[in-house]
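Asker: Can you keep this structure in mind? I'll have questions shortly.
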Amino acid sequence: MADRWNAGVIPYAEMGYWQPDYEPKDTDILCAFRITPQDGVPPEEAGAAVAGESSTATWTVVWTDRLTTFEHYQAKCYKVDPVPNTPGQWIAYIAYDIDLFEEASIANLTSSIIGNVFGFKPLKALRLEDMRIPTHYVKTFQGPAHGIVMEREHLGKFGRPILGATTKPKLGLSARNYGRVVYEALRGGLDFTKDDENINSQPFMRWRDRFLFCMEAVNRAQAATGEIKGHYLNVTAGTMEEMYERANFAAELGSVIVMIDLTIGYTAIQSMAKWARDNNVILHLHRAGHGTYTRQKNHGVSFRVISKWMRLAGVDHIHAGTVVGKLEGDPMTTAGFYDTLRKDSIKADLSKGLYFDQEWASMPGVMPVASGGIHAGQMHQLIHYLGEDVILQFGGGTIGHPMGIAAGAEANRVALEAMIKARNEGVDYYKEGPEILKKAASRNRALDTALATWGDITFNYESTDTPDVVATPTNA
């Protein structure tokens, strides 16, 4: 073994970044990386390289390490396990001392953990599968601007999922016609409607016009139904100043909720979360762009990690998968996402892709959003897989209804209430779901038409991101 202080290049494992006897501290930030080393690179060296390059190391020995307590600041790869049934891949467990990170900064956390290692030549591929964020670090963050409980109290809606829809077509409508869609959907029975991720302020519909017509629709629908309604006004823009201007205008109009896209960046998300809490406005996050780095199983960042970062950052909603819809969503993996967002205390469960216990230290939960290819005929499956604290967004499943938008909203509301009633009466609603829907449809033409239109539509493709311990393709 080379002397740690010999000039030149020394293997990372021999510089202290591989420590199989290390016992992680309660205050350490722990990471589970899926590593695919280049041929001839031992997994221990690959894990040590990730630890080194994401903490204190560079490619050669530097004498200035002696000016620090380098053993304290070095990340330590303390375990490397082979991935079951996947030759050439390992899970490397790495511990980082809490002193390596600035308090309450997702930008600093991510710059360290994922900032410089994903293009590292000794690795063919690298994926951050999970993190354990210690209570000591969790408590430095604001967390969700409101959280699940406060949102329900704000809206006065309890005991069932929240219903929503994305306005379609998402591009091309004038502001007036856009507002008409919002009104019909809310009047028909939905709780929320929303802008989609790429509606900002385009030539066909400027943001101020959209906000005015949407809030007119919200107010009229509230007056007609006696229920609190909302429309996710997307305030995403090119600068923080412009986002604040749009958000402030939304608040002045009385909107209960605004929306941002994941693409605005972590610091902007935290800034908007602070604004949302200060202004008593719910904050919805669309996970636009996440699939570019979360979907592939061997390289990138798992969405369960993004879920943890966004809970810390302070959003109230985030899209988290449907299981039965058109987008990627293995049942067990999706359950892990939902647990991460909603639960106060989470136990490691490899069947859900959860590598660590996680304590949230009373930080409020984030309301998951299920959207993309779902319809009223799947209501029993959605409640079974996703539970009660979820927002179910039926965009095409509302606006594509043959009888019109209001009828589409009515069909979804009737299906939901029939399923919740059956659940509350002790009926096995998952097993009896089709019969429950059929019975409800016999008394409601809108639901009957929805079932006739979409009843046989499914998206049963095998998921790319499944837990390694069990083979669980999407199966609805």
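Note that Cβ sites are derived from N, Cα and C of the backbone, with glycine treated the same way.
Feature list, courtesy of Swiss-Prot:
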| type | residues | note |
| --- | --- | --- |
| ACT_SITE | LYS168 | active site, proton acceptor |
| ACT_SITE | HIS286 | active site, proton acceptor |
| BINDING | ASN116, THR166, LYS170, ARG287, HIS319, SER371 | substrate binding site |
| BINDING | LYS194, ASP196, GLU197 | Mg(2+) binding site |
| MOD_RES | LYS194 | N6-carboxylysine |
| SITE | LYS326 | site 'Transition state stabilizer' |
Asker: Need this for a regression test: recorded positions LYS194, ASP196, HIS286, filtered to those with Cα within 10 Å of THR166 (substrate binding site). What's left?
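Answerer: Candidates kept after distance check: LYS194, ASP196.
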Asker: Measuring Cα to Cα, how far is SER371 (substrate binding site) from GLU197 (Mg(2+) binding site) in Å?
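Answerer: About 13 Å separate the Cα atoms of these two residues.
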Asker: Show me the subset of LYS168, LYS194, ASP196, GLU197, HIS286 whose Cα is within 10 Å of HIS319 (substrate binding site); these are the recorded positions I mean.
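Answerer: If one measures from the Cα of HIS319 (substrate binding site), the recorded positions that come within 10 Å are HIS286.
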Asker: Given the recorded positions ASN116, LYS170, HIS286, tell me which ones have a C-alpha lying within 10 Å of the C-alpha of GLU197 (Mg(2+) binding site).
Answerer: LYS170, HIS286
Asker: Quick check: of the recorded positions listed here (LYS168, ASP196, HIS286), which one has the Cα closest to that of ASN116 (substrate binding site)?
Answerer: HIS286
Asker: Per the record, substrate is bound by ASN116, THR166, LYS170, ARG287, HIS319, SER371: how many Å separate the farthest pair of Cα atoms?
Answerer: 37
Asker: Within its own chain, what residues at least 6 apart in sequence put their Cβ under 8 Å from the Cβ of HIS286 (active site, proton acceptor), listed in sequence order?
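Answerer: Counting only residues 6 or more apart in sequence, the Cβ neighbours of HIS286 (active site, proton acceptor) under 8 Å are ASP196, GLU197, ASN234, MET259, ILE260, ASP261, LEU262, HIS319.
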Asker: Which residues in the same chain, at least 6 apart in sequence, have a Cβ under 8 Å from the Cβ of LYS168 (active site, proton acceptor)?
Answerer: VAL181, GLY395, GLY396, ILE399, GLY400
Asker: Between LYS194 (Mg(2+) binding site) and LYS170 (substrate binding site), how far is it from one CA atom to the other, in Å?
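Answerer: Pair distance, Cα basis, whole Å: 10 Å.
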